[in-house]
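Undergrad: Taken from Swiss-Prot, the feature divalent metal cation 1 binding site applies to His649, His685, Asp686, Asp803, supported by similarity to another entry. According to Swiss-Prot, the divalent metal cation 2 binding site annotation covers Asp686, on the basis of similarity to another entry. Marked as compositional bias 'Basic and acidic residues' by Swiss-Prot: 35-50. The compositional bias 'Polar residues' feature in Swiss-Prot is assigned to 51-60, 268-287, 358-368, 401-419, 973-983. Per Swiss-Prot, compositional bias 'Gly residues' is recorded for 84-97 (among others). The compositional bias 'Low complexity' annotation in Swiss-Prot covers 145-167, 219-234, 248-261, 938-955 (among others). The compositional bias 'Acidic residues' feature in Swiss-Prot is assigned to 920-937 (among others). According to Swiss-Prot, the domain 'PDEase' annotation covers 569-898.
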Amino acid sequence: MIATLFIIFAFIRAFPWSRKRGRPALALTLMPEGGEDHRGDLNQKGENNNRPRPSISLANNGEAMAPRTRRKSSKFHEVTFSGSVGGGDSDGGGEAINGGNLDVSPSKRHSLSTTTSNSSSAPYRYLSGSSRSRGSRGDCHEYYQLQQHSSSLSNGNRGNRGLSQRSDTMATEAEGEEFDVDPMDEDDEDQTYDRETEEFYSNIQDAAGTGSSSRSKRSSLFSRSDSSATTTSSSGGGTFTGGKRRSAASILSSSMCSDLMTSDRRSSTATEYSVKSVTTGNTSQRRSSGRIRRYVSRMTIAGARRRTTGSFDVENGQGARSPLEGGSPSAGLVLQNLPQRRESFLYRSDSDFEMSPKSMSRNSSIASESHGEDLIVTPFAQILASLRSVRNNLLSLTNVPASNKSRRPNQSSSASRSGNPPGAPLSQGEEAYTRLATDTIEELDWCLDQLETIQTHRSVSDMASLKFKRMLNKELSHFSESSRSGNQISEYICSTFLDKQQEFDLPSLRVEDNPELVAANAAAGQQSAGQYARSRSPRGPPMSQISGVKRPLSHTNSFTGERLPTFGVETPRENELGTLLGELDTWGIQIFSIGEFSVNRPLTCVAYTIFQSRELLTSLMIPPKTFLNFMSTLEDHYVKDNPFHNSLHAADVTQSTNVLLNTPALEGVFTPLEVGGALFAACIHDVDHPGLTNQFLVNSSSELALMYNDESVLENHHLAVAFKLLQNQGCDIFCNMQKKQRQTLRKMVIDIVLSTDMSKHMSLLADLKTMVETKKVAGSGVLLLDNYTDRIQVLENLVHCADLSNPTKPLPLYKRWVALLMEEFFLQGDKERESGMDISPMCDRHNATIEKSQVGFIDYIVHPLWETWADLVHPDAQDILDTLEENRDYYQSMIPPSPPPSGVDENPQEDRIRFQVTLEESDQENLAELEEGDESGGESTTTGTTGTTAASALSGAGGGGGGGGGMAPRTGGCQNQPQHGGM
């Protein structure tokens, strides 16, 4: 009984009872035209309308005067909401608010700016003389009160519920009394209250399920970018930005997607409201029960989770309530504007790379107010931009008003380019009319040409992939023409990062039609049979077994004691290791020192520390001892003899993945299951790597290549080994998961690891860039990430970026990784030389050009990838891009000049000698010498220069045996010089 009375008393204290205030204040009320009759209709219907209506309170003449205060706070808060108003259902219920800048008084600079798809001006009139009693409040101020048309009030359950619904980010009026009060009455009471009380009632309404018809169509989205908290509606793209971060319950209760927006999600007309709340020194604060607030907040969070769309299910269905299921609390990313910086080759003009005029991009910038300066390069986004331009041109040419049912805003970018002011009507005989009509036809023709090239079995992102490959091939062809080393680097990039899938012409495959070709192929096959037998790998284990899986060693892979190591490994240097592991959230950690301090167990300690710090062992129900058993077994299956692809590389990729997952733009986007799956994929992505490339395994007809049909051979093998190790006793870290959760995680891990195949690089890049630019062109600027395909695409690119993150690390780390990778390449080249195979590009230790290869690697592979990732999470990756550019400049400065400095004095003589040994030039020189009467001197000079040529040739041939450093072109040129000298 006492507890019940206490709760009732607390609720009474929390209820915002109306209080009489002594000082009157001028009230300004914005009403639709219609006079007193219309206002009477509103008052008549007020009794049946229980929904509070939003109002905006403004200070006088820009002064800091607030009608309401925020409890326990003396700071200034500014809240801006960009939502969507207008549209409505097909029945046209409710009118959209419309208007421009409304100036109430010359001395009062308050304005309410709205935009809508309706072309008529908003009929508001100014009502003055209305005063309200303010009680003990010591200041006078004015306020605006938005009142919607009676038709929208009578259609409250329809789609256009715009301003008749509750606004959690504004002050609201009382529900029952508002319509009964005459705005001219001085005894009217103020129904405003502080922000926390407003949020408290918002929580009560959410917990009670009010307005569920509209809230069921939204998914809450919280994405923090830069220094401010940003809440983004996944259904309409509105953003709520506060001066400081609020509590989770407060943010959830102010998910404004359905509060100021139509529920059918067809309106994208933006309306901006700005609310300022400033505390005053002598205001009486309204107190409420914190216990009730916390209870209702918990109910609100639980309700929001139940309403979240399941976004990471295998079947793209609705997720369950468990945190392990696909329903993520926030399912989207806010795309920001990008700064001006050095751009990759993807942003160069299409006309320089594509011969067909049908493939040239017509739009180089986005027709969007929020992303007006961002360039678009993907064909599908360019098609959308062109079609949007065609639509806007059609509206200008036909003078047809835009329909309220359209969810696309009116944009007159094309009209502006044609020299005509936006929104101005055009006459048929004007020059601007003819020019705009011609541009429209050209835009439409270009779109049709592009759409005709789309094949039915390919996605729209393949258009970007094919375009990027053509541009890269053109770039590499120019790069290879520069020098012999450039040709080698181009071959390496093409063979490694471009998929070998090609379109085959079926009739051309019929070789039996040409008997001569058949005979030639048979002879060539007999000649190469012996060489093929020598280059073929020895027979391995039966294909029914997974090669590389060792028998588990219980004495080294299991922990029998009660105490587990603090960082997962037993090491005498635990303090030093703990200091380094404390910086796991830092980009460019000293990973080599971690490998040293962890007794060559970097992967185990890094993975264990990350899973512990993220509380994934608890959320995913992983026993710590089982996790350590699996990680130790996994690390044992990494080949320690590999210079690069060993457990240290896996630890580096896992740590980089952890840092990228901590990106502020991705905060709260992914569930624990998704985060754990991405980290698990990073741990296993190179297990049992033989230190050889996929192309080598295919060329040598290895057992792995035969087993996986030459398709992502190593990546499939890594997955098979890792999931096989989970079947070892005491190693199944996912044993406590439900069957559906385990299937989801397995599919996710498979997709992520397969995406680490470097031949899929261009497809991954094209998919991500198409998705980002399409959302920008659409005008929303928000990636909803509300289905499995979009979410796994982001995670695939995240791990792929981590796998290619060495050039973005500090220069000492980068140089060390480069040396290890090149040594592994050289070992493969040595094996190819011994087997009589063709040496792969960049694998010949005698002709490698390390510096130039790194510059080409950054320019054509790493920079475009990280540029796109930085576009996605801007501005969180700007420091990484800066480091990448610095490292690129360093290697560019280290490229030996051509010719090298050591041969500067010899090169002019060598070039002169090459022309002297030519017959015609020699005769001319001898003739000139005979005419001068100095024949003997000329002969001695010729003999001396010839000896110099031979000496330089010998010195050049002797210097060609060294390693890389850009010596290959000079060595090849010197080897031909003795032949000239002997002529």
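Here the Cβ of each residue, glycine as well, is placed from N, Cα and C on the backbone.
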Undergrad: Can you check which residue among the binding-site residues His649, His685 has the largest number of Cβ atoms within 10 Å of its own?
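TA: Going through His649, His685 one by one, the largest Cβ count within 10 Å is at His685.
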Undergrad: Show, in sequence order, which residues other than His649, His685, Asp686, Asp803 on the same chain lie with their Cβ within 8 Å of the centre of the Cβ atoms of the divalent metal cation 1 site.
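TA: So the additional residues around the site are His645, Ala650, Val653, Ala682, His689, Thr756.
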Undergrad: Tell me, by DSSP, whether His649 (divalent metal cation 1 binding site) is helix, strand or coil?
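TA: Helix, per DSSP.
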Undergrad: Sequence gap of 6 or more, C-beta under 8 Å: which same-chain residues meet both conditions with respect to Asp803 (divalent metal cation 1 binding site)?
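TA: In sequence order, the residues whose Cβ lies under 8 Å from that of Asp803 (divalent metal cation 1 binding site) (at least 6 apart) are Val653, His685, Thr756.
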Undergrad: Across all chains shown, how many C-beta atoms besides its own are within 10 angstroms of the C-beta of Asp686 (divalent metal cation 1 binding site)?
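TA: Total other Cβ atoms inside 10 Å, all chains included: 24.
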Undergrad: Name the secondary structure element type, per DSSP in three states, that contains Asp803 (divalent metal cation 1 binding site).
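TA: SS state of Asp803 (divalent metal cation 1 binding site) = helix.
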Undergrad: I'm checking region-level scores; what's the whole-number mean pLDDT for the domain 'PDEase' (569-898)?
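TA: It averages 93.
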